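If you check TrEMBL, you get these features:
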- 20-40: transmembrane segment (TRANSMEM)
- 61-86: transmembrane segment (TRANSMEM)
- 106-132: transmembrane segment (TRANSMEM)
- 153-173: transmembrane segment (TRANSMEM)
- 193-214: transmembrane segment (TRANSMEM)
- 295-320: transmembrane segment (TRANSMEM)
- 340-370: transmembrane segment (TRANSMEM)
- 390-411: transmembrane segment (TRANSMEM)
- 431-453: transmembrane segment (TRANSMEM)
Amino acid sequence: MMEVDDVSVREQLFHNRVRETFICVLLFTCLYILSYLILTHFKKNADYVTDDIEDATANKIALWLCTFTLSVAVCAVLLLPISILSNEVLLIFPHSYYMQWLNGSLIHGLWNLVFLFSNLSLVFLMPFAYFFTESEGFVGCKKGVMARVYETAVVLLLLTLLVLGMVWVFVALLNNHTARESLYDMWEYYLPYLYSAISMCGVLLLLLCTPFGLSRMFSVTGSLLVKPRLLENVEVVMNCAAFEEASLSRTLNRGSTACWISVNVEPLRTQFLSVQAERMALEMRRRASPWQRNLFYPLAMLLLLALTVVCVLVVCFHVLELLFDETAMPSEMGDPRLGTASFSMFGSLGAAVQVFLILYLMVSSVVGFYSSPLFTSLLPRSQDTNLTQIIGNCVSLLVLSSALPVFSRTLGITRFDLLGDFGRYNWLGNFHIVFLYNILFAGLTSACLINTLTWAVQRELIRAFGLHKLPLTVSRTTIPFKLLLANGLSKIQ
């Protein structure tokens, strides 16, 4: 009887493992297809249809590795939302037969796979893709793809030895005795230390990009919607733009045949394109319905403002929790007991808000990253992004997304503790680092939000009163309030 019970238990464990593997493979396949479609939209086709078959093959292999990395990044973004929503689904349907596949073992395995693949992509696949596209094979060897593979492998080996040596020197400077004892203990000491350093860099990058991105979300969303204008007659402004465009067009046509004006053709062409873009924007605004002009834009701005304010309030509340509650510190969850209690005090509604805030913070961090002057050159362009830029974008997105679970838990956006190796970073248990991180995020976000709102209001008032057409540079101190009021009253009259 005992043997029959053991066989049934082993069969159940086998079926559970097969089911979890099938679900993970299916999820990753869908994300891989999505990532491939995204990269093919931005890649430069000339890099993959060259006459050199060897270069084209190397570029395709590098593109496949980039697709794998991007799919891992998307899966890392979905880790916390999937975990939180799975817990709420099991709370709503605790005894459902069709929800038995959704359990803690599946979620825990997904976290471990994402951690493994993210570090594999950062440490090996992306450096391999970059060096593989730049390599040509050793001198004197037969050219081909395998010659590139051999050269890339040697370069990666030397780079690995260099990085491990730098890590050992850094540890020796901090603690010489520990460094001597752990010289040969690479797997148990150096790799976790290296992973902790990479995660710290990602979390610091999120700290810098997310507040800036939260403020930039207003301008990015405003550029996608029809913005209402105060005291502006769209018909009059569009007619003026059309007349100016026609005048510039005639001047350019004369300049193409007259030699005496050929020197001024290039500035006129730039001005013509600018006026043409302005006229098209005015045409879109004129065609928009009153609902689009007067309702959608204010609602979108209010929604962004509400989400940003909620994020700041949640972080401020978490700061107070850190002072009085030890469980508020981020920690590792050993066995995820899903379906026992909600991770939000407001139940399913609070969990849905947590998921929305996590995704909103991720989008804001990406917007802030590409809006930063340091990373503006990485911004991908449709059908015009070379392979080196694609590799840089995949690495940057993976660093941001793999740090998102730690970032969200550190700020108290969710109470879902970190699973697997995500909770084993050395700095997570340091109260001073976590507390200072929350204070910095709340302060930076508040400062960026206040600066954005004040400048946006002043810019709209200056445009509404026609002061943006002044030849002098407009600042806060050059235009008094009386001038704004007088100009506005004259326009109304």
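Placement of Cβ uses the backbone N, Cα and C atoms for every residue, glycine included.
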For this session: State the non-local partners of the transmembrane segment (20-40) in its own chain: residues 6+ outside its ends, Cβ under 8 Å from one of its Cβ atoms.
Result: 63, 66-68, 70-71, 74-75, 101, 105-106, 109-110, 113, 390
Problem set entry | Criterion met for the transmembrane segment (390-411) and the transmembrane segment (153-173) (at least three Cβ pairs under 8 Å) | no
Exercise. Are the transmembrane segment (106-132) and the transmembrane segment (431-453) near each other by the rule of at least 3 C-beta pairs under 8 angstroms (pairs 6 or more apart)?
Worked result: no
Exercise. So are the transmembrane segment (340-370) and the transmembrane segment (61-86) touching or not, going by 3+ C-beta pairs under 8 A with a sequence gap of 6 or more?
Worked result: yes
Problem set entry | For the transmembrane segment (193-214), sequence-distant contacts whose Cβ falls under 8 Å of one of its Cβ atoms, 6 or more beyond its ends | 119, 122-123, 163, 167, 171, 308, 311, 361, 363-369, 371-372, 399-400, 402-404, 406-407, 410, 421, 425-427, 437, 440-441, 444-445, 447-449
